[in-house]
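Participant: First, the structure itself, so that you have it in front of you.
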Amino acid sequence: MSTNQPTSMDPTKMGVGRSIAVLTSGGDAQGMNAAVRATVRVGLYTGAKVYFVHEGYQGLVDGGEHIRLATWESVSMMLQLGGTVIGSARCKDFRSREGRMTAACNLVKLGITNLCVIGGDGSLTGANEFRTEWSGLLVDLVRAGRITEQEAKKSSHLNIVGMVGSIDNDFCGTDMTIGTDSALHRIIEVVDAITTTAQRSPTPTTHLYGVKEKRTGCNVTVFFHPQPPEDIYPGGDGQALYLALVTAQACGADWVFIPEMPPDHGWEDHLCRRLTDQRARGSRLNVIIVAEGAMSRDGKPITSEQIKKLVTDRLGFDTRTTVLGHVQRGGTPSAFDRILGSRMGVEAVMALLEATPDTPACVVSLSGNQAVRLPLMECVQVTKDVTAAMAEGRFEDAVKLRGKSFENNWNTYKLLAHINPPDVKSNINVAIVNIGAPCAGMNAAVRSAVRMGIIQGHNMLAVYDGFDGLAEGQIEPITWTSVSGWTGKGGSMLGTKRSLPGKMLEKISQNISRFNVHALVIIGGFEAYVGGLELVQAREKYEEMCIPMVVIPATVSNNVPGSDFSIGADTALNTITSTCDRIKQSAAGTKRRVFIVETMGGYCGYLATMAGLAAGADAAYIFEEKFSIRDLESNVEHLVEKMKTTVKRGLILRNENSNANYTTDFIFNLYSEEGKGVFDCRKNVLGHMQQGGTPTPFDRNFGTKMGAKSVLWLTDKLKECYRHGRIFANTPDSACVLGMRKRALMFQPLAELKEDTDFEHRIPRTQWWLKIRPIMKILAKYDIKLDTTEHADMEHVIKKRGHLGQ
């Protein structure tokens, strides 16, 4: 959480005497309820009154029972619900000045001068106009006798803060909008299901998926999403461009049609050639993604029916079409969207309470893993500029205006989807190895690294079974088609072990020489990092180790130094969150029950903390934040008080290595004893289910980006290290960890990260997520003081373009 308040300001007093209203508008999106919940609870924490506005702007106009005081308990059990529990509706009344006057009157009568709007760019534009004309509306209301001069004076200024809730992720200024990740989960679930059945069909099949808009398909599956409910103000064009692009990248689609980048003239011939080529290479399935609004260079619509007819008539391929409707909007929110909504809600309240009459209406958004504030109308203007660029045929400009995240996704997809090896080979051999425990997303990273290497002209080598395989010579060439379909596969297709190279250095050096390995990609967890360090240290003795190396963090524990995120952690987090949902639901008919759940993570408390925030836990015990018997006693007392309310369930998470003495059994026994007569307890140890499963869209795309970027970096580094006819790399910056740090992917020398590493407990000494632990405690109603020394200044869209995205 961040704030501009003076450090002496008591955060629990910031909102005293003030009122905040929260509404959701436009099409609903998963995660909106998390944002509403956080806004209400943090607002109450600051001492403010918080109101629900039911049915969006219509409720603002209708007033009365549509604007109700919110309580702590009224937002319980909301996190796992899709849609928006306070409703969203079309509102023609708010488009008129008379309607906005009535809305203003309703707010003034209740003393509400802070409005939090969760919706798309149309909803946020309407909110900004409402704020801009606020003073004039008050003058007219006084003149009409509907409010008094005193009431007008008390409500002289309206503060507006927006949060973007939209599954389309088409709002410029944020890497991800609330709801996008959940929509991708729904889409990928369908694609995976169809891919499974198609690959086992006796007849090779093409599936066509249409995203948003009733389309049909081709030797591929098409995702469709109908237009959302009409927004209160004209907003964006409603096209599911981001969903189409990221889905294509996540499932390795053969072709994707998106409006920003129409295919070149003659695309029909090109598409048919590609499908024919893929079939000749043994592919049993082709996937084509069509976004709503897809068109040719001359502006003619491209529909999935048209593509299906093309493929069927020209190639005679058996073709199926899948059209996805509101399934993309529905279902339970992903862990990412719950955490995003919660963090945005907290930041929105802070922004409202810190605003002055001179502060422009802002939108809180995500940049990398940081919450930032941006002028609302700057974001809206850039979003409109995208539509204008597309209408004028400036497609390259449209992609750039979408932001770096979108542009990077597009460029990565284009490179990895199409076989286009260079005419000249590099004669460079790049080996890829998986180290440590398997995790979801590893295979996506391997696939993109292999394909990017082939595109660069390199020969790619697969090392099987970790460092053991490197020592025993389990090394084979790996080709473009070898890694087809790997993005959606969990675990490690190469095989992986926890063994470190220290005792095998001589054999490893011999095989590096024998197989003429010029560069090494190491994908894995803490063992990958430590193993990389051992290889670097061995350079003094073994010249064969003097090759460029890159470590890509991939572990459910998220404990690799040099990266805020590791591949696989998001999949594990979703597993924990969905399991906690089910556990809590199991007590729906049973009053006063507390669940103690143990998570994985080694000594790293990331999973326990973030799952606690996503699942609405009452406490999360971790190694990094020491706790005593007095803390445990305080938590029990907290739950005893909670059971006196209408909320009769409790959830406690414990990281597996949080404390050697206060074990999960100990905590279970303690809670059971102290809760006698008030609540009973149940215990769950989730175990290795957290490591399994198919990768989430986030892990597929994060792995894809990391794999591709690592090989591009190695290619540049190889050029730097080429001396006297051979590769010689012995500088610290020739062996790096590739990681996400705040807002960008960065390469950091392994050796430089040693100072920030607690080797005994296998965790980084500095972990960004510890700063958001207070949010979980505040949302669980603990009486704690929030650190307000950090602050988020208003930024500008052009400076903020992030890189995380999906």
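Along the chain as shown, the residues are counted starting at 1.
Even glycines carry a Cβ here, placed using N, Cα and C.
What TrEMBL records for this protein is below:
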ACT_SITE  Asp168  active site, proton acceptor
BINDING   Gly27, Arg90, Cys91, Gly120, Asp121, Gly122, Ser123  ATP binding site
BINDING   Asp121  Mg(2+) binding site
BINDING   Ser166, Ile167, Asp168, Glu292, Arg320, His326, Val327, Gln328, Arg329  substrate binding site
BINDING   Arg498, 555-559, Arg593, 600-602, Glu656, Arg682, 688-691, Arg762  beta-D-fructose 2,6-bisphosphate binding site
DOMAIN    20-199  domain 'Phosphofructokinase'
DOMAIN    240-351  domain 'Phosphofructokinase'
DOMAIN    429-713  domain 'Phosphofructokinase'
REGION    1-418  region 'N-terminal catalytic PFK domain 1'
REGION    429-806  region 'C-terminal regulatory PFK domain 2'
Participant: How long is the line from the C-alpha of Gly122 (ATP binding site) to the C-alpha of Arg329 (substrate binding site), rounded to the nearest angstrom?
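Facilitator: Counting only the Cα atoms, the answer is 18 Å.
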Participant: Other than its own, how many Cβ atoms are within 10 Å of the Cβ belonging to Gly120 (ATP binding site)?
Facilitator: 29
Participant: Pick out which of the binding-site residues Gly27, Gly122, Gly602 has the most other Cβ atoms within 10 Å of its own Cβ.
Facilitator: Gly27
Participant: I need the least crowded one of these binding-site residues (Cys91, Val327), counting other C-beta atoms within 10 angstroms of each C-beta.
Facilitator: Val327
Participant: Using all protein chains in view, find how many other C-beta atoms are within 10 Å of the C-beta of Arg593 (beta-D-fructose 2,6-bisphosphate binding site).
Facilitator: 20
Participant: Mind looking up the mean pLDDT for the domain 'Phosphofructokinase' (429-713) in the predicted model?
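Facilitator: Mean pLDDT for the domain 'Phosphofructokinase' (429-713): 94.
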Participant: Looking at the binding-site residues listed here (Arg90, Gly120, Val327, Gln691), whose Cα lies nearest to that of the residue listed as 'active site, proton acceptor'?
Facilitator: Gly120
Participant: For Ser557 (beta-D-fructose 2,6-bisphosphate binding site), which residues in the same chain are close in space, meaning a Cβ under 8 Å from its Cβ, but six or more apart along the sequence?
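Facilitator: In sequence order, the residues whose Cβ lies under 8 Å from that of Ser557 (beta-D-fructose 2,6-bisphosphate binding site) (at least 6 apart) are Gly525, Phe526, Ser566, Ala569, Met600, Gly601, Gly602, Cys604, Tyr606, Leu607, Arg762.
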Participant: Would you mind reading off the Cα separation of Val327 (substrate binding site) from Gly27 (ATP binding site), to the nearest angstrom?
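Facilitator: With distance taken Cα to Cα, Gly27 (ATP binding site) is 13 Å from Val327 (substrate binding site).
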Participant: Nearest to Gly27 (ATP binding site) in three-dimensional space, by Cα, is which of the binding-site residues Arg329, Arg498, Arg593, His688, Gln691?
Facilitator: Arg329
Participant: Can you break down the domain 'Phosphofructokinase' (240-351) into helix, strand and coil residue counts using DSSP?
Facilitator: 57 helix, 18 strand, 37 coil
Participant: Measuring Cα to Cα, how many Å separate Arg320 (substrate binding site) from Asp121 (ATP binding site)?
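Facilitator: The Cα atom of Arg320 (substrate binding site) is 35 Å away from the Cα atom of Asp121 (ATP binding site).
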Participant: What whole-number Å value do you get for the CA-CA distance of Asp121 (ATP binding site) and Ser166 (substrate binding site)?
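Facilitator: Between the alpha carbons of Asp121 (ATP binding site) and Ser166 (substrate binding site) there are 9 Å.
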Participant: Cα-Cα separation of Gln691 (beta-D-fructose 2,6-bisphosphate binding site) and Arg329 (substrate binding site), in Å?
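Facilitator: Rounded to the nearest whole number, the Cα-Cα distance is 27 Å.
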Participant: Ser123 (ATP binding site) to His688 (beta-D-fructose 2,6-bisphosphate binding site): how many Å between their Cα atoms?
Facilitator: 43
Participant: To which of the binding-site residues Ser123, Ser166, Gln691 does the lowest count of other Cβ atoms within 10 Å belong?
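Facilitator: Lowest Cβ count within 10 Å among the binding-site residues (Ser123, Ser166, Gln691) is Gln691.
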